[in-house]
Structures are given as structure tokens and as C-alpha cells.
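Undergrad: Got these off Swiss-Prot a minute ago, pasting:
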type	residues	note
BINDING	82, 113	anthranilate 1 binding site
BINDING	82, 85-86, 92-95, 110-118, 122	5-phospho-alpha-D-ribose 1-diphosphate binding site
BINDING	94, 228	Mg(2+) 1 binding site
BINDING	168	anthranilate 2 binding site
BINDING	227, 228	Mg(2+) 2 binding site
């Protein structure tokens with residue numbers, strides 16, 4: 001199916017099959033469509049609402065065209081990532097959590113990008129911390145193998161996305177592509193925590209990942225609107241495990257953490273986010289740093305559970321608490337910066 005045929009279907013509120021969506025996405029991602037066609041298709045899909053079949057088709061093409069990171073094993077390798085777009089401008093919780101996960105002895109293949117609507121994306125934060133971003137897939141694999149954590153800069157691995165950049169920017173609205181980033185990890189991880197901007201997406205995206213071969217995934221959205229586990233409100237979870245998706249709510253107290261407000265956790269820049277994270281990961285914390293640490297532990301614990309490094313969410317949170325308070329997570333952040341600096345010298349020589 002070509003994009004003109006797809007547009008005719010979509011404007012009449014008719015769904016595409018997985019194979020039809022693959023055909024259209026391949027046209028879009030290989031530069032065969034005009035920007036007007038891409039913009040019209042994205043808006044038509046949003047107004048119709050994307051189906052699980054359509055998202056599966058779109059994700060499979062993005063994965064197919066990605067510059068992949070080949071790891072020795074995917075067993076227990078985890079990613080923690082969010083769609084963004086929650087409007088809260090909270091510090092980079094998932095990125096900070098990644099270093100706690102690594103400090104707990106679990107391998108992390110982190111996928112992320114610069115901020116689109118927020119103040120600080122994962123790439124912005126890591127760059128502020130001195131981490132070199134423009135790594136080759138082989139260099140990322142070496143980071144993961146040697147440091148226990150590596151960062152895959154989305155724009156370096158999904159070059160075909162350049163064809164959608166103009167229409168997405170000009171539309172200025174959430175589209176199908178806001179959902180695709182967290183589902184297209186270039187290392188092909190099968191264990192994830194995925195935060196989403198709308199609770200209604202939790203189960204559908206868990207179903208998408210089930211069909212695409214994921215093993216253990218938590219897709220989450222908090223009652224106070226965050227695309228991650230919240231310290232201040234219950235969080236809704238769609239959990240994919242053992243080939244089935246179950247749904248439930250989790251309170252911080254269920255996991256041994258006291259609920260408290262998010263006051264003080266919003267940031268205005270990557271530098272401010274980094275300052276708060278270094279405070280939270282350090283041995284001596286300010287009051288706000290302690291609160292940030294609790295938020296990090298909550299989310300890192302969920303990822304340790306998704307990685308099957310823990311047998312329950314509560315056990316994962318306990319392991320994350322211990323790992324954060326050793327100070328090793330902060331050392332991991334510095335270690336990744338030093339390790340990638342060597343690649344920067346190689347690449348820019």
C-alpha cells in the first residue's frame with residue numbers, strides 16, 4: 001500500500017493492517033513521500049487513533065532501518081525510558097535511575113534523545129555531565145560491556161527519522177512518532193520500563209511489545225500525569241510478563257517509600273537537572289536531593305524488577321536503595337564520561 005491509498009483509508013476512519021502500515025512507513029522512512037503527505041498522514045492517524053496493529057507495523061520498520069547495537073547477550077539487559085510530553089519538567093528521573101540500575105549490577109542499554117517539549121532530555125543531561133554522545137554502534141556496545149551502561153543517542157541510530165522532522169516540527173502536536181522512540185531501542189532489549197504521557201496507552205503499548213518479542217516490561221503512567229513512577233501519587237502499570245499483560249495500581253507505600261510532593265523536583269535546564277542528580281546520588285544530600293533520591297529509587301527498582309534482577313517491585317526498590325546509597329551510581333556517571341572521552345578523541349582525530 002502506498003501513502004496516497006493509506007491517506008484515503010485513514011481520512012475515512014478506516015484502520016490499516018500491520019503489513020499495510022509497514023508499507024507506508026517504509027515509504028516515509030526512505031524519503032519517498034512529500035512533507036505534506038507525511039503531515040496529513042500523521043494527523044489522520046492521530047484523529048482516527050492508532051491501533052495496536054498499526055503501531056506494531058510502524059515499530060517493526062523503525063527497528064529494521066535502525067543502526068543496531070549488537071550485544072553479547074540480551075538476557076537481563078534493561079532500558080528505562082519515557083515518551084516525554086508530560087509537561088511536568090521534572091529532572092531526568094529515568095536517566096538518573098539508569099546509573100543506579102547499573103550500580104546494582106544490572107546491565108543498562110539506555111536509549112534517548114534531546115528534549116522536545118521539556119527542559120532537559122536524556123541526551124542534554126548526559127552531555128552536560130561530560131558524556132560523549134556521538135558513538136558508533138560498536139563503541140556503544142563496548143561501553144555497555146565495559147562500564148555496564150551505555151547510551152544510544154536516538155538521532156545517531158535512527159537516521160531515517162530525518163524525513164519526518166520537518167512535518168513533526170511544523171505540526172507541533174504529539175503524533176505516532178512520540179510513541180515509537182521508547183519502542184525502538186537499537187540494542188533490541190526485551191526488558192524495559194516505558195513511561196507514557198497517557199494512561200490509555202499503557203495496555204496497548206504493552207500488547208505491542210508482547211507481539212514484538214519483549215519478555216518483561218512495565219508500561220507506566222502516574223495519576224498526577226508523569227511518564228514514570230510518581231512519588232506523589234499512585235502509578236498505573238501494565239505489566240508484560242510470561243506472555244501475558246496484567247494491569248494494576250501501585251502506591252509508593254506499597255514499595256516501602258513514603259509519598260511526598262514533587263515540590264522542588266522541577267528543573268529549568270540540563271545543568272540544573274545534573275546538579276540535582278549529583279546531589280541525589282551523593283552520600284550527603286540536601287532535603288530536595290533526598291526527595292530526588294527517593295524518586296530515583298522508585299523507578300530504578302521497577303527496572304531491576306523488569307530485568308528479572310529482582311523477584312518483585314518491592315525487592316527491586318530495596319536493591320535500588322542499597323545501590324544508590326553506596327555512592328557507586330555517581331561513580332558510574334563519571335566512569336561513563338571518562339570512557340566515552342576516549343572515543344571522542346578517536347572519532348575527532
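Heads up, the Cβ atoms here are built off N, Cα and C, so glycines get one too.
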Undergrad: For residue 112 (5-phospho-alpha-D-ribose 1-diphosphate binding site), which residues in the same chain are close in space, meaning a Cβ under 8 Å from its Cβ, but six or more apart along the sequence?
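TA: Listed in sequence order, they are 81, 94, 95, 121, 122, 123, 151, 152, 153, 154.
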Undergrad: Work out the three-state DSSP category of residue 228 (Mg(2+) 1 binding site).
TA: coil
Undergrad: Using Cα coordinates, what distance in whole Å links residue 113 (anthranilate 1 binding site) and residue 92 (5-phospho-alpha-D-ribose 1-diphosphate binding site)?
TA: 12
Undergrad: With every protein chain in view, how many other Cβ atoms are within 10 Å of the Cβ of residue 168 (anthranilate 2 binding site)?
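TA: The answer is 20 other Cβ atoms.
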Undergrad: Find, for the listed binding-site residues 94, 95, 113, the residue with the lowest Cβ contact count at a 10 Å cut-off, counting only other Cβ atoms.
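TA: So among 94, 95, 113, the binding-site residues given, the one with the fewest Cβ atoms within 10 Å is 113.
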Undergrad: Around residue 228 (Mg(2+) 1 binding site), which residues of its chain at least 6 apart sit with Cβ under 8 Å of its Cβ?
TA: 82, 90, 93, 94, 193, 195, 220, 222, 235, 299
Undergrad: Between the residue listed as 'anthranilate 2 binding site' and residue 227 (Mg(2+) 2 binding site), how far is it from one CA atom to the other, in Å?
TA: 21
Undergrad: Cα-Cα, whole number of Å: residue 92 (5-phospho-alpha-D-ribose 1-diphosphate binding site) versus residue 227 (Mg(2+) 2 binding site)?
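TA: Per the Cα atoms, residue 92 (5-phospho-alpha-D-ribose 1-diphosphate binding site) and residue 227 (Mg(2+) 2 binding site) stand 11 Å apart.
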Undergrad: What is the number of other Cβ atoms found within 10 Å of the Cβ of residue 82 (anthranilate 1 binding site)?
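TA: Result for residue 82 (anthranilate 1 binding site): 26 other Cβ atoms within 10 Å.
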Undergrad: For residue 92 (5-phospho-alpha-D-ribose 1-diphosphate binding site), just count the other CB atoms lying within 10 A of its CB, please.
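TA: Excluding its own Cβ, residue 92 (5-phospho-alpha-D-ribose 1-diphosphate binding site) sees 29 Cβ atoms within 10 Å.
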Undergrad: Indicate whether residue 82 (anthranilate 1 binding site) is helix, strand or coil by DSSP.
TA: strand
Undergrad: 10 Å Cβ neighbour count around residue 227 (Mg(2+) 2 binding site)?
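TA: Its Cβ shell of radius 10 Å holds 27 other Cβ atoms.
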